[in-house]
Amino acid sequence: MSDYLVKGMAGEFIRFTGVSSRQTVEEARKRHNLSRLATAALGRALTATIILASDLKNPGDLLTLRIFGDGPLGGIVCSAGNDGMVRGYLFNPEVELPLNDANKLDVGRGIGKGHLYVTKDLGLKEPYTGTVQLVSGEIAEDVAYYLYYSEQRPNVFNLGVLVNPDGSVAQAGGCLIEILPGAPEEIISTLEQNLGEQQSLTYQLQQGKHIEEIIQEVVNPYKTEIYVKKPVGFLCSCSREKLLPHLIGLYSEVKDEEIVEAVCHFCREKYTFSGKEIKEYKEKNT
């Protein structure tokens, strides 16, 4: 099944967004040649970015998630619009660490201490950026903390990436469950109890459950109503035309017959330009 996103309500006071993202994360892994640890970290961030960007209202709006830590992975940058397409990269994609005490990939140690930034470009004069300190570096907790303290949105945020021994992605997904203002205390208690009884997100996906089924179990006995379902994936907006302006600084350094190679940070796509092409562009546009 292709990757997809669902959004909906459960009763009057629970709003949810869920994403199944295995193919998206696998595409990122292959493009960036990620280690197992880096796959888990970037995969969680890509999934979180899809979820956060799904609340954008207009086609041209853009959300960028940046995570900068002092751990060996360095940092992560991801961006997405409300169309479900995401792109992203990680500073040090080859880093690997020993498993943590729970025998899992140690994303928290890989990211370390630092800050999380969410920037929303809504076509206004200036983009809006909110920031919080990292809580754990595990990404889900950090995004949940951001939503609660920067946007006053009480929530449960769950992200998971299961990586095979050969490095390929077995499962990936995430869900955001929000408690709306005015919710009775018993709703919160019910969610807490249900969450405490659940297996991990990736375990349930590996057992064949769909993300909407997992969400239904979390919000039970409140019945879910899905009002959005759409495909998601890894897609970069880079092009030769967009990269060429960044090369005009080489104007005086390259000869006409020289070939310059440019690589997109977000997707590792390679583009080649001749010195003559760079010079002609500069002369026409400066």
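Note that Cβ sites are derived from N, Cα and C of the backbone, with glycine treated the same way.
Cys238 (disulfide bond) falls within neither a helix nor a strand when secondary structure is assigned with DSSP, and so counts as coil. Swiss-Prot lists Cys236-Cys238 (among others) with the feature disulfide bond.
Same-chain residues at least 6 positions away in sequence with a Cβ under 8 Å from that of Cys264 (disulfide bond) are, in sequence order, Cys236, Cys238, Leu243, Tyr271. What Swiss-Prot lists as disulfide bond is Cys264-Cys267 (among others), and the listing cites sequence analysis.
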